[in-house]
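Participant: Let me begin by handing over the structure; questions about it come next.
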Amino acid sequence: MEPTSKKLTGRLMLAVGGAVLGSLQFGYNTGVINAPQKVIEEFYNQTWVQRYGEPIPPATLTTLWSLSVAIFSVGGMIGSFSVGLFVNRFGRRNSMLMMNLLAFVSAVLMGFSKLGKSFEMLILGRFIIGVYCGLTTGFVPMYVGEVSPTELRGALGTLHQLGIVVGILIAQVFGLDSIMGNQELWPLLLSVIFIPALLQCILLPFCPESPRFLLINRNEENRAKSVLKKLRGTADVTRDLQEMKEESRQMMREKKVTILELFRSAAYRQPILIAVVLQLSQQLSGINAVFYYSTSIFEKAGVQQPVYATIGSGIVNTAFTVVSLFVVERAGRRTLHLIGLAGMAGCAVLMTIALALLERLPWMSYLSIVAIFGFVAFFEVGPGPIPWFIVAELFSQGPRPAAIAVAGFSNWTSNFIVGMCFQYVEQLCGPYVFIIFTVLLVLFFIFTYFKVPETKGRTFDEIASGFRQGGASQSDKTPEELFHPLGADSQV
């Protein structure tokens, strides 16, 4: 291994930083709708009165608000499933650049919805930015994974999740009543997304196209070699080129991989199952339930200023993503995911106990806060960042876009289900709702322990070869048995 292969060059930092602005958009638009709920509902009511001369019926208001929140995930499902249509035709970088048009259109619709006295404009804007974010959750991990050297792929892949949590935190802070979450400024709160979109439009033209896309998809070896030299900061990129050429030869031996082929072929069935289950482990862990309803959970816990406690959880969220960034290449993906799932299960039990005993023991409110902060911290150790970039690692260049589309669709669909159902399940189960998530977390832990391989320090082709060699006959082996022959020690 050349000593320069671990080098974090300026061009590599620019490429990853430019891409991760899309992740920040995703996080911001996930969190921005919660804080100004009451003032936006008042806008809906005023608009209804102006149109029909009477206050909006409560059931209609609830439906419109639920639609405003949920339509974002519907857009995300459509966007995530469309990833392959763009990245193979236009390239990774150009696809990210083009999609900013959606962000600009959405910003205009939401920003002028109050002036236009139209809640339909706001809902349509939420749908369009949802499509943008769905595409982003495919484009960014794919691009970052393909421009990063093997030894830095996990750490740089974690930056996608860091962008998301920073976006959520910014949305929580901007959404404070004293800043933009008020009657006058909420349209600006929703439309400020044009700023990162504009910044990304400025930066991306200076970022290189994915060298893997150039060599394997376009057969432009000279361009790929030139890009690699800039990304790696060295003239000797022989190892990277050889690895890509081997992957290209393997891809030529395979027929074109469609989404259906991922499930039909024995070589892809296990990795696509792993990819989907890891995405489900992120969304069905209960983290979105905590974020969607954190303010009301803190209120039930007796916290005097719940909105600031929610921001506190956002800070914890960000801090532990940074921790994951520094340890993912040392501890490995699988280990961190297992630690995160186990820790979240323990915190979910604590949260259940605290909420159940709150009326009899007021000091349990403090335990609930500790449990929520712990839950968020363990999420960012593993289940937060790892499912995003490990999908790109599990597949070679050919099936990667289709696999990322399926995984992203699974993520957004489960996100939508949790967002729509949690409130009703919480009303039914009361403080015991997090027991459901505890059971799911334990099941995901068992699956990860027995089925998920360690990808740390391995090239894309080595990981894919492990599945090809193993096939269906290897599916019952432990991750250590499955990947032991690959000689990963030489890569670390």
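Any Cβ shown, glycine's included, is placed from N, Cα and C.
From Swiss-Prot, here are the annotated features:
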- GLN161, GLN282, GLN283, ASN288, ASN317, GLU380, TRP388: D-glucose binding site (BINDING)
- ASN45: N-linked glycosylation site (CARBOHYD)
- MET1: N-acetylmethionine (MOD_RES)
- SER226: phosphoserine (MOD_RES)
- SER465: phosphoserine (MOD_RES)
- THR478: phosphothreonine (MOD_RES)
- SER490: phosphoserine (MOD_RES)
- 468-492: region 'Disordered' (REGION)
- 1-11: topological domain 'Cytoplasmic' (TOPO_DOM)
- 34-66: topological domain 'Extracellular' (TOPO_DOM)
- 113-120: topological domain 'Extracellular' (TOPO_DOM)
- 145-155: topological domain 'Cytoplasmic' (TOPO_DOM)
- 177-185: topological domain 'Extracellular' (TOPO_DOM)
- 207-271: topological domain 'Cytoplasmic' (TOPO_DOM)
- 294-306: topological domain 'Extracellular' (TOPO_DOM)
- 329-334: topological domain 'Cytoplasmic' (TOPO_DOM)
- 356-365: topological domain 'Extracellular' (TOPO_DOM)
- 389-401: topological domain 'Cytoplasmic' (TOPO_DOM)
- 423-429: topological domain 'Extracellular' (TOPO_DOM)
- 451-492: topological domain 'Cytoplasmic' (TOPO_DOM)
- 12-33: transmembrane segment (TRANSMEM)
- 67-87: transmembrane segment (TRANSMEM)
- 91-112: transmembrane segment (TRANSMEM)
- 121-144: transmembrane segment (TRANSMEM)
- 156-176: transmembrane segment (TRANSMEM)
- 186-206: transmembrane segment (TRANSMEM)
- 272-293: transmembrane segment (TRANSMEM)
- 307-328: transmembrane segment (TRANSMEM)
- 335-355: transmembrane segment (TRANSMEM)
- 366-388: transmembrane segment (TRANSMEM)
- 402-422: transmembrane segment (TRANSMEM)
- 430-450: transmembrane segment (TRANSMEM)
Participant: Within the chain of GLN283 (D-glucose binding site), which residues six or more apart in sequence place their C-beta under 8 angstroms from its C-beta?
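Facilitator: When sequence neighbours closer than 6 are ignored, GLN283 (D-glucose binding site) has ASN411, SER414, ASN415, VAL418 within Cβ distance under 8 Å.
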Participant: Are there 3 or more C-beta pairs under 8 Å linking the transmembrane segment (12-33) with the transmembrane segment (186-206), counting only pairs at least 6 apart in sequence?
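Facilitator: Contact between the transmembrane segment (12-33) and the transmembrane segment (186-206): present, because at least 3 Cβ pairs are under 8 Å.
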Participant: Other residues near the D-glucose site, CB within 8 A of the CB centroid of GLN161, GLN282, GLN283, ASN288, ASN317, GLU380, TRP388?
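Facilitator: Filtered neighbour residues, in order: ILE164, VAL165, ILE287, PHE379, PRO383, GLY384, PRO385, PRO387.
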Participant: Let me know the DSSP-derived helix, strand or coil state of ASN317 (D-glucose binding site), please.
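Facilitator: It is helical.
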Participant: Can you tell me the CA-to-CA distance separating TRP388 (D-glucose binding site) and ASN45 (N-linked glycosylation site), as a whole number of Å?
Facilitator: 39
Participant: Taking residues 6+ outside the topological domain 'Extracellular' (113-120), which of them lie with a CB under 8 Å of any CB in it?
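Facilitator: Distant Cβ neighbours of the topological domain 'Extracellular' (113-120) are 43-44, 47, 50, 64, 68, 186-187, 190.
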Participant: Using C-alpha atoms, which one of the binding-site residues GLN161, ASN288, ASN317, GLU380 comes nearest to SER465 (phosphoserine)?
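Facilitator: Among GLN161, ASN288, ASN317, GLU380, GLN161.
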Participant: Between the transmembrane segment (156-176) and the transmembrane segment (307-328), are there at least three Cβ pairs closer than 8 Å, leaving out pairs fewer than 6 positions apart?
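Facilitator: When sequence-distant Cβ pairs are counted, the transmembrane segment (307-328) touches the transmembrane segment (156-176), since at least 3 lie under 8 Å.
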